[in-house]
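Features as listed in Swiss-Prot:
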TRANSMEM  73-93  transmembrane segment
TRANSMEM  103-123  transmembrane segment
TRANSMEM  146-166  transmembrane segment
TRANSMEM  184-204  transmembrane segment
TRANSMEM  213-233  transmembrane segment
TRANSMEM  299-319  transmembrane segment
TRANSMEM  339-359  transmembrane segment
TRANSMEM  379-399  transmembrane segment
TRANSMEM  413-433  transmembrane segment
TRANSMEM  453-473  transmembrane segment
TRANSMEM  493-513  transmembrane segment
Amino acid sequence: MPITDFIINDEKTPLVLHGGPEQWKTVGPYGCFRVGICLLLVELCERFTFFEVVCNMIPFCTGRLGSYNHQAAMLNLGFIGTSVLTPVFMGWLADEYFGRNKLMYIALSLHFLGTALLSMLAFPAENFYRGAYPVFNNTSVEEQAGLFHVALLTLCLGTGGIRAVVCPPDMCGSQERESKKPMPFCNWASWSANLNAAVVFLGISSIQPLGSGALGILLPSLSVFTALVTLYLKHCDLIYRPENRCSLLTIARAFVRALKTRCLPYCHFGRDGSSWLDHAMEKQGGHHSELQEEDTRNISALLPLFSFQILYRTCLLQIPSGYYLQTMNSNRNWGGFSLPIALMNAISLLPLLILPPFMDYFSNCLLPSKRDGPFLSACMIAGNICAASSVAMAGFLEIYRKLAREQSPSGKLFSVSSMACVCLVPQYVLLGVSEVLVNPAVSMVTHRVIPGASMAFLTLSHGSACFAGAMLIKLLYLISEGNWFPNTLDKGNLENFFFVLASLMLLNILGLWRASWRYCNLNHFNAQRIRGNRCEETLLLTEKSLKFYGSTQGASSSIDLWETAL
C-alpha cells in the first residue's frame, strides 16, 4: 500500500482502524507515515514471495517433478488464479465466522508453513541433508508432487488472508468513492503497486543467480518478517478495517438467486414489460437491500464487458506460461551474463511505469471533454489490439526461434535456440502497453456503474481469466494431441497455440467494438451522482441507466448472443 493512501494534514487525521467504524483513533502525520511504511513492507514481502514462486514454478515442475510443459503452465495459472480469489474468500471468513484477529493469526501461520514446505521441497535438501538427514531424498516423485500442491494451497490461503485483513483492496478505493472529483485515468495506487512489482522482479533477478540455497532461506525469512510487521500493526491497533458494503459474494449470491428464479421462464422480459431480474429480486424480497439489488442489476448489464475481459486477460497471462517457455528455450546469455527469466517480467512493467502519467495528462489536459466518452472505448479496443499483436508476434518469433537452432561439431542439435531472448522484448512490451490502455478504462467504467463492488468484480474477472487460460491450454493440448503445447518445443508447434489465441483476440476485438457503444454513455454516472442517501442515489442512477441497458425499453435492449459468446 502506498503512503499516499492516507491523507496527511497539519492537523490530526482520523483513520478507521482495527476497532471498526464505530471506534475512531486520532493519528497524526507520524502515525500515517508509520502505517504507510509498515503496509509497504508487508506488501513488498508478500509480493516477493508470490512472484518468486510464479517465476520458478515451470522450471521446478518440468525439471524436478517431471511434469509436461502444459501441466506446469496450467499449475502456474491455477496458482495465480487461486491467489487472486482467496482474499475474497478469506475476507468473507473473517467477517462471518472467525473474526479478523483470529484469521490474521491463521493466515500468518499458513503463509509461513507454505513457504517452509516449499523451501524444503523445491531446494532439496541434497546440499543440507545429505547423508545423516535424508528428509526428502527418499520420497518418490508422486509424493513430492502431492506435498508441493499442498504447499501451494497453504501459501494461497495464507496470502489471501494477509491481503484480506492487512491490505484489503477497499483501502485503495475508499477515498476515491468519497471524493467529489471524477476518477482520474491514472490510478496512482495501481502505479505504486506496479512500481512495487518492478522492484520485486528486479530483486528476484538479482537473487536467482545465487542458487537455490539462498532462495530456500529467503522465503521463510520473508514470511517471518511479514508476520513481525503485521503483529506490530496489530499491537499498535493500526490495521485498517474497510467499510462493510456490497461484497462480491453477496452480489454473486443475489445474482444466482435471480438466475434460479426467473432466468428460464423470462429470457429478457417479463409479462408486464419489466426485466426478469426485477421479477427475480422482487420474489426474493427481504434477502438483500435495495443498494445490493441495484448493484446486482448493474452487474448484469456489465456482463458482456467482463466476458471480453476474461479473454483479454487470458492473453495477458501468457507471460507466466507460454512466454516463459519461449524465454527458457532461448539464448539468455548477454555479454557473458545469464539473464534471469524474472527480468523479462520487469521489462513488461516498464510501460506501466512510464506511460500512465502521460496518458493522464493527455486525457485531462488535451481531451478533457471527451475523456469520458468514446475515449474509454478507444482505449479498450487499442489495448486489445496491442495484446493480439503481442501474441501474434510471439508466434512468428517461435517459428524463427526453431530455425535458429545451434548444433554441435558432431551435428547434434541443441534444444536451446541461438536466438537471443532480447528478441522477445517487444512482445513483453506490447502486453505492458495493452495493460496501460485497458485497465484504467475498464476501471473507470465499472467504477461509475458499481462503485461499491467494482474492485471485487475486477478481481473476479482476473481470477476467472487464470482458470480460463489453464482450460484453454488443456483443450488445445488435447485437440492437437500435444503438438500445439509440446513438452519439447522443437518437436512441436507452439506457434499454433499463439496464432489460435491471436485469432480469438481478433474475435474479442470485433465483439468489443460492436458492444462499445453501451459503455460510451456511462460517463454521466460520476458527473451527476447525488450526495446523500446511498439507496436513493443508486435508484436515481439506475433510472438514468435503464434507457441504455433496456430493462423497460424495447429498442436496443437485448444483448446480441455473439457479443457474449466469448
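Backbone N, Cα and C atoms are what each Cβ position is placed from, and that goes for glycine too.
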Stretch-level contact, the transmembrane segment (453-473) and the transmembrane segment (299-319), CB cutoff 8 A, at least 3 pairs: yes
Interface-richest range of 73-93, 103-123, 146-166, 184-204, 493-513 toward the transmembrane segment (339-359), CB pairs under 8 Å: 184-204
Range from 73-93, 146-166, 493-513 with the greatest count of C-beta pairs under 8 A to the transmembrane segment (103-123): 146-166
